[in-house]
């Protein structure tokens, strides 16, 4: 039954999102109309949320009677890549950009099935070094270096 | 004359010229790499242009935009894998030509058509943008609100499977633009007590996340396929006979591409498809299209490059992006404190000519570099994704971090990437969201100002003819498909019902 409602899942997610965010807007403060200059702070978000809800209903309606489209299978690689990216964000603060880039450039190719291990190692050293030289020295951009701060600045 | 000389003066400045050339080379390179688009490249490069003066920075992005559109045709012809969506139509006839040993001729035609299309659209840009800005001089907030709504409504007709999904994407973008302290009332909106969100969500992390990180996640599940790569012996510029055959197609497609580009939100991909279809419709050899017909290359290539200059017209004159990449460039203008529209043409008229000069140079340079380096670029396109994407991710992080030197921006980039991945999976594109984010403040501010002017009486919009015109156009762009569909069904009702469609 659900298979014959093509966009039911994204439509429902959007409707729930619109509902929750509408509820969040009820907590927005208000100011006297003379300060509001035409619109209270919550008015615009509510208008947009209303439009999103309406369009989501239209989308669900348009999808009735249509089978869910075949989508590419999500394998463990996508989830593992997601985890690596998430972990890298947490590591930036501690290890700094150069070391974290080195790790991601080492892990992601191996995760994606790269078999030339020596190439991966050279790549994992080369990319962060190039980024460090280009951005820190050529473009004078201060990048967080974490534990390497005493040596790389 | 002064603004023209000042604008072209950018070519006399070695640093500016160097960044334009760099933008062109990066553009061709990125365009040739399947999976990397010119929108993504402009998004990735945008944070680093902050360290440049505004004029060379915007010129570099504009040059990249031009060159990136052409770059896709190299791989479309040589490996049947368009480097970027606007080159998809080029592959229809480009690859069959390459298969029968005419890769050089196909690439030569692609380059020359692109250059002609690009230059024609630039001439239109330099003439039309100031004229349009002059017209917009009389616009008040109600007209700007209606114009922004028209711009967003055009999302319904951009390439993509579902107009409704494009409109939802635009609305999501508008919603993102409301995050932060409302400048009029001082009230926090969707900040969830995170101080970094008080000034709103930065444009760049969203941009990089939606375009690049979401694509990286998609690439994680791509299975490497061995591609048939045609060997390129020598590039061959179009012969006199070729020109005789295609000049009408090139001119027609240049006109189509420029017009499509000028329409808000419509970009090179749609221009190329229409350019290809029109070339086939008008050609004596229309039935041979798809088998390696030279007009099948000239049509889409002239159109997709003409759309780049065209899309800069509403971007510069009205602040309404003509395409997804133009939306990113508009974000760049805003970041550099440049206000598009009448203000731009009155206070920085030379910028238009600098952009013109940069795009002109880009067109001429990619003709040389693109042809001379086609062999190299086609090899670069074979870089394994296992090595390409981790480096792209590193650039994403530096780009997102670099603007505000904030790790929160890196987190926002990742969140935008994850959301973008799932949205894409369900048929929602990144471009409409970006358009919404870029137009968000214009929509809200112009509506609020209109309500003040109208003393909260919305019906007074009806007293503004230009605003009504834009609203009607907006309604048409949203409802023309269902309306025409209904009319068509009424006309051929019995036949359709008999078919059970």
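Glycine residues also receive a Cβ, built from the backbone N, Cα and C atoms like all the rest.
Residues or ranges marked as transmembrane segment in TrEMBL: B:15-37 (among others). Away from its own ends, the transmembrane segment (B:15-37) comes close to residues 45, 52-53, 55-57, 59-75, 81-85, 87, 211, 215, 219, 358, 361-362, 365-366, 369-370, 373, 377-378, 380-381, 383, 385, 388, 392 of its chain (Cβ-Cβ under 8 Å, at least six residues beyond either end).
Residues annotated as domain 'DUF112' in TrEMBL: B:17-434.
Residues or ranges marked as transmembrane segment by TrEMBL: B:106-132 (among others).
The annotation transmembrane segment is assigned in TrEMBL to B:144-160 (among others). For the transmembrane segment (B:144-160), same-chain residues at least 6 beyond its ends with a Cβ under 8 Å from one of its own Cβ atoms are 85, 166-167, 169-170, 174, 263-267, 269-270, 273, 314, 318, 320-321, 427, 429, 431-432, 435-436, 439, 442-443, 446-447, 450, 461, 464, 466-471, 473-475, 477-478, 480-481.
Feature annotation from TrEMBL assigns transmembrane segment to B:167-185 (among others).
Summarising the annotation, TrEMBL assigns transmembrane segment to B:197-217 (among others).
The transmembrane segment feature in TrEMBL is assigned to B:316-338 (among others). Counting residues 6+ beyond its ends, the transmembrane segment (B:316-338) has Cβ neighbours under 8 Å at 38-39, 42-43, 46, 49-50, 54, 57-58, 61-62, 65, 68, 125, 128-130, 132-133, 136, 147-148, 150-151, 203-204, 207, 261-268, 307-308, 310, 344-345, 348, 351-352, 355, 403, 430-431, 434-435, 437-439, 442 in the same chain.
Under the heading transmembrane segment, TrEMBL lists B:350-370 (among others). If one looks beyond the transmembrane segment (B:350-370) by at least 6 residues along the same chain, the residues whose Cβ comes under 8 Å of a Cβ in the stretch are 2-4, 6-11, 17, 20-21, 23-25, 27-28, 54-56, 58-60, 62-67, 70-71, 74, 107, 111-112, 114-115, 118-119, 122, 125-126, 129-130, 305, 308-309, 312, 316, 338, 344, 377.
Within the chain carrying the transmembrane segment (B:382-401), a Cβ under 8 angstroms from the stretch's Cβ atoms is held by residues 33, 35-36, 43-44, 46-48, 79, 204-205, 208-209, 212-213, 216, 219, 222, 224, 227, 229, 407, 409-410, 412-413, all 6 or more beyond its ends. Residues annotated as transmembrane segment in TrEMBL: B:382-401 (among others).
Through the fold, the transmembrane segment (B:430-454) approaches residues 39, 140-142, 144-145, 148-149, 151-152, 155, 158, 160, 165-178, 184, 203, 206-207, 210-211, 214, 265, 267, 319-321, 323-324, 327-328, 330-331, 334, 420, 423-424, 460-461 of its own chain, all at least 6 residues removed from its boundaries and within a Cβ separation under 8 Å. The feature transmembrane segment is assigned by TrEMBL to B:430-454 (among others).
Marked as transmembrane segment by TrEMBL: B:466-484 (among others). With a threshold of 8 Å between CB atoms, the same-chain residues lying at least 6 positions outside the transmembrane segment (B:466-484) that come near it are 139, 142-143, 145-147, 149-150, 152-154, 156-157, 163, 167.
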Outside the transmembrane segment (B:167-185), six or more residues from its ends: residues with CB under 8 Å to it: 152-153, 155-156, 191, 197-201, 206, 423, 428-441, 443-444, 448, 478
